[in-house]
Amino acid sequence: MGAPTATPPSASASYGCTPTYTPPYRTPQSASRNTFSTSAPTPSPLGKRKAAAANDGSPEKKKPKKDPNAEKRLRRFRPRPPSNFSDVYNRALTQRFYVLERRRCGTDEVPEEEVELTGSTGNIYTVKIAQRPTCTCPHFLAGNQCKHWLYVMSRVLRAKFEHTYQLALLTTELKEIFANAPPIDKPSDATQDKNRKPVEGDCPICFCELEAEGGEAVVYCRAACGQNIHKECFDTWAATKRRSGSNVTCPYCRSVWENDTGNMVKTVKKNGQATSEGYVNVADQLGISTRRDYSTYSRWWRGSGYY
C-alpha cells in the first residue's frame with residue numbers, strides 16, 4: 001500500500017483561532033429621525049406679514065355697509081349686455097318705425113313716458129319707459145327685451161347705452177334720461193299759423209275746388225309754401241311716395257312734408273284695421289308692407305317669437 005495522502009491544513013487550523021463575522025459598514029443615522037420636536041413651527045413669510053399687520057395697531061378694513069334706505073333695482077343689474085342683445089339691438093337701429101305719440105306720465109319723483117309707435121309691419125304698440133319698462137308686442141309679452149323698447153330708448157329718448165340693456169331702471173336714471181331727451185312736440189294750432197294761404201282755388205292733385213267750410217278736409221304745407229290740398233288727395237300722394245322709398249314732399253314746393261302730429265295720430269288710429277292678434281294695423285296708411293323682413297334674423301328664429 002502506498003503512503004496515505006496528506007490533507008492540507010485549514011486556515012483556522014493554520015492560525016489556531018475561531019472565525020468571526022464582521023457586519024458591513026453603515027453610515028450612522030441622524031439622531032433627529034427618531035426624536036420629536038416640541039418647539040412651534042417656523043412661520044411662513046405670509047404668516048409673518050399677517051401677524052405683523054395684526055400687531056401694528058392699525059384699524060381693520062371693513063366693507064362699506066349698504067344704505068338700507070337706498071333704492072333697489074327691481075331686476076338684477078346687468079354689468080354688460082347679454083349675448084343675445086346685439087341681434088335685437090341691431091334690428092332696433094336698422095328697421096323703420098313710426099312714432100305716433102309721446103305722453104309724459106308718472107310723477108315728478110318717479111317720471112315715466114309712454115310712446116305709441118308702429119312696428120315694422122304696421123301694428124301699433126305702446127312702450128312704457130318706467131322703473132320696469134314694458135311693451136305690448138308679442139315678443140315682450142313672451143318675456144324678452146324687444147326691439148321697440150330698445151328703439152324708444154336709443155332713438156326717441158337718446159338714452160345712454162348702459163341704460164339701454166337694463167331690465168329695470170332707478171328713479172335717478174329715469175330723471176336723467178327724460179332730462180336729456182328731446183322735448184315732446186305739442187300740436188300747433190292751424191288757425192294761428194300765419195304761413196297758411198287762404199283756402200281757395202283748386203286742389204293740385206284732383207283739381208277740384210277747395211272749400212273753406214262744409215267741404216272736404218284740407219291740409220296745408222307747414223314747412224314752406226302754406227298751400228292747401230285735399231287731405232284725402234294728399235294721403236294718396238304720401239302713400240305713393242312711401243312705397244317708392246322717397247320722402248313725402250309738398251306737391252307744390254317739393255319741401256319735405258311736415259305733419260300736424262295731433263291730427264295725424266287721430267286719423268291713423270281711426271282708420272286702422274284690427275288684426276287677428278288684437279292689434280290695430282295701419283300699414284296701408286303709412287305705405288309699408290305687412291310682410292315681415294327676416295333678413296336680419298337668425299335662421300333658428302325666423303317666423304317665431306320676434307316682432
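Cβ from N, Cα, C; glycine included.
TrEMBL: automatically predicted annotations, no manual curation.
What TrEMBL records for this protein:
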type	residues	note
COMPBIAS	1-20	compositional bias 'Low complexity'
COMPBIAS	29-41	compositional bias 'Polar residues'
COMPBIAS	58-72	compositional bias 'Basic and acidic residues'
DOMAIN	125-157	domain 'SWIM-type'
DOMAIN	203-254	domain 'RING-type'
REGION	1-85	region 'Disordered'
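Across the domain 'RING-type' (203-254), DSSP assigns 13 helix, 8 strand, 31 coil. Sequence-distant neighbours of the domain 'SWIM-type' (125-157) (same chain, 6+ residues past either end, Cβ-Cβ under 8 Å): 74-75, 85, 88-89, 91-93, 95, 97, 99, 102, 106, 110, 112-119, 163-165, 167-171, 174, 177-178, 181-182, 277, 279, 305-307.
Note on the domain 'RING-type' (203-254): mean pLDDT across this stretch is 86. With DSSP states grouped into helix (H, G, I), strand (E, B) and coil, the domain 'SWIM-type' (125-157) comes out at 14 helix, 7 strand, 12 coil.
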